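Colleague: Once you've had a glance at the structure underneath, I'll fire off some questions.
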RNA sequence: GGGCUCGUGGUCUAGUUGGUUAUGACGCGGCCUUUACAAGGCUGAGGUCGGUGGUUCGAAUCCGCCCGAGCCCA
């Protein structure tokens, strides 16, 4: 029996442990009906990081859905993945073990990674369990595991067979410090000090002018222009000069050729909108490659390639006499030589934004490498339709997916030149470069250690092969989680890819933060769609970001990070869950201690009310004929039916905060404040099975409905009061389907409310007796309840309205009817009403030359009681109180 | 710089197919021991709905511009 105060610290830990020990959330082995399976595909978090609010928030929202669907009878598949395949885990492993990945064979290094991350995974598991998330802990996977590597490589082979992947020489982002290619998302902007060098370029005649014979001696060496650059060492890589189309001053240069100082190559002067007119002189050189724009120009204008800096940051043969110097040394030497040649007009310090590798802060370079790509551009329409097929919660977030697809300019590069990661299962013939792909049966393979599946090249018969040493982009693996969860594998007998658990796929729900819709979600949709021909998710639930209490992003450098660990030492998990349910899905949510405090208060109210219900329902009948229910009991249960209908619909639509608030409000105000006060007297003053039954029935329903949100306190109360099986295993309540005089019940409650106010206003205690109360209004069947709870000696129902003097105070128009009908005449009508210039005849109002139908207006009256006692207005009813103070 | 989202009493929020008196909670003031709960109950104050211009008889709601925040892209 619940007694004393609720002790969340002990209770929450107890249930978290038992839920796991009892396998309460286990996905049933033989659940094979796709219609009753509810499968969730959570994006696996990076395990080497610590738990942050984003995890708590995201997983809590998923848990609401999981618990709700479980109670509705679905077999819920709620797995957990550990993303330990990223660079973060590799660095962690090197750090922890004091090793370098270069010293190990790739497979061996990954084994070490698995060992190191296992420890962190344990910690992560514990924290997730401490949040009471109803994950099935028998359904877990690690992205670095050989099984997942196999799926990743199978995906590669499948897409290659389908012609969706190709290999091409293209620019890659390169970190010269780490000597690795990195993806766009691994770079970040950094403000750095640098120098602008104003360098004079000569103008040479273009081919056209030369051939047309317009060239004169003086045109040649006389004309020049100035380019400001921070990268003079890239002069040897210069392949073009660009002018903005709106740049009138330099427009005349377009079409001519420029001569690069010191190096002498002649390059075209072209026009392009991507020139930034605000920076430097408005003229810019394009070098292959100095930055991202250079790559775009290279591709858009079909420019030649001149690579002047190699992978280690050393100047190449293109740099002539500077070859072999480091980029920094070359810059100094070139600047000095430019100065000597008179081509350096100015040098000044600036700060500008550069792309740096987020791990080491080194400015990135752009190199040309052979890269593998997945085709995207040719199927943009299809992928857009795939997105449209999913239900988006909230709907508005589909726009992000749509904009992303519409803005795609390149296919997706999936190869990374990192020395750790999941390898491409590919070899190349040393002679003819024929691509040899591993056999599916052999996967996972590492070409650096394993032999190709053929002895000789099927193309040319050559028997020497070069291993592909690239690894997959991390998204290439992360985008396969529905297939990993579904047990996707090669069946050698049917020679087809098959799902071991096809009932899970497509997954019912994909949760996703709105920040990575364009990466994680998009790539997952694309790849799974290509592999299976089906959109992998029926629905997507987007969660917002957790911000600090000033609505600003939590960031270590700003120092406004609040750790969930600290907070959960102070507050119950259920309080955090209550807070998490407090925002519209998809919206950002500020961390607010007040939100958790409100949750604690609700838990306390639930606890205390349960204690009272328990004490009142010891003799409650398990069954009770609904026809024998007293009016107020019938009214309460019928009202609860309506609330449940609302709450159920909101939970179905992931409108957690609406469900939460409505449930809370009905429980607190209607059940506790109104009903419970009345029912407790009835039960205490005499045997009242109708009240006891109603109390218990309603209370059970509250516990089950609160269970998805307040998972722990409801479990404690349920198991303590009712049943040794979990509240989370109870069926979601169906409406009882009772008829009740809802209006009379509400009027009765309004009368009670008015009397409470009367007592409060007159500084009377709530249990102070009142001599006589007369009610004009329908509270039929509730008379005893009203007089009981308000301690009324005599309650009299009036058959006709008491003596009331009415004074007309104004006229209320129903604008939704008057507006469309009379439009511009509305101000005239209002003016006439203002000056009392109107007449009402047979219910029709004549005003300002028009006639208003009865439903268009209401005469407002203030009513004054002229008889004995005090008059109270209680909704539709009028209450007269006779009380001798 | 571009796109998307958000902006409602001190704080968090409901309401946005246009209808005039904007919801609830937290906090704040006042009153009340009602044998579940004073961390409770009743009640009150507090908002020209980010700013500005427009459309309309009527705008928190629709449109333009501006400001602030978040995310993604450059």
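Using the three backbone atoms N, Cα and C, a Cβ is placed for every residue, glycine included.
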Colleague: Given A:543-547, A:548-552, A:553-557, which one carries TrEMBL's motif ''KMSKS' region' label?
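Modeller: Result: A:553-557 is the stretch TrEMBL calls motif ''KMSKS' region'.
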Colleague: Checking feature assignment: region 'Disordered' per TrEMBL, candidates A:148-173, A:174-199, A:200-225, A:226-251. Which range matches?
Modeller: A:200-225
Colleague: Apart from its near flanks, which chain residues at least 6 from the ends of the motif ''KMSKS' region' (A:553-557) lie with a Cβ under 8 angstroms of it?
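Modeller: Residues 52-53, 545-547, 591.
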Colleague: Determine the mean pLDDT over the domain 'Aminoacyl-tRNA synthetase class Ia' (A:14-589), rounding to the nearest whole number.
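Modeller: Over the domain 'Aminoacyl-tRNA synthetase class Ia' (A:14-589), the predicted model scores a mean pLDDT of 87.
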Colleague: Give the three-state DSSP assignment (helix, strand or coil) for residue A:556 (ATP binding site).
Modeller: coil
